Amino acid sequence: MFATNRASCWRQLFAAACAALLLGACTNEPMFTATDITGATFGQDFRLFDPDGRTRSLADFRGKAVLVFFGFTQCPDVCPTALIRAAEVKRLLGADAGRLQVVFVTLDPERDTPAVLREYTAAFGADVLGLYTTVENTARVAEEFRIFYRKVPTGDSYTMDHTATSYVYDPAGRLRLAVLHAQGAEALAADLKTLLQSFSR
């Protein structure tokens, strides 16, 4: 089942990328290192809780680019690497750093309590926002955003397998880029600068 879901997620991402490439060939849209998925119909919005219990949605960040990553706080490598990259991207953006909101959505709400999320995200920057929801709604949100995840038992505990792709939204709230985990901070910062340049301050 999970293998089928994973394949389906990648097929849909690939289809969105192909459509974006065809569109870009006929327009003057900017070129990016990340996969341009402008026009994708998934991942349009979410309603999740921040550590203070407030409901947050993409509309809250209108006017900023938004970098969204799904993971869990006990992740040993992929998640901290993605958030370290995000912190470096903000540094590279310089004066435009305030125009980027980094969002970390937990796939493990059973262990990632509001207090745990707050402490974890603060380690990567004071303005990194951790979001969570119920176990049931986490599954729905992950499906909407084409994120594969599953628990993997490890003795008397568990870890998580999950998609390592990040998403970028433009200041108008539109899903624009799918960022592979392997993409470096400099290339991602360049993509964001290109994206932000098309929006007035």
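Each residue, glycine too, has its Cβ placed from N, Cα and C.
Just so you know, TrEMBL annotations never went through curation; they're auto-generated.
Annotation comment: TrEMBL describes 1-19 as signal peptide.
What TrEMBL records for 23-197 is domain 'Thioredoxin'. Predicted-model confidence for the domain 'Thioredoxin' (23-197) is 96, expressed as mean pLDDT.
CYS75 (Cu cation binding site) counts 20 other C-beta atoms within 10 Å of its own C-beta, drawing on all protein chains shown. According to TrEMBL, the Cu cation binding site annotation covers CYS75, CYS79, HIS162.
Residues or ranges marked as disulfide bond by TrEMBL: CYS75-CYS79.
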Secondary-structure category, per DSSP, in which CYS79 (Cu cation binding site) falls: helix
Chain-mates of CYS75, CYS79, HIS162 with C-beta within 8 Å of site centroid, Cu cation: PHE70, GLY71, PHE72, VAL78, ALA82, LEU107, MET160, ALA164
Cβ neighbour count within 10 Å of CYS79 (Cu cation binding site): 24
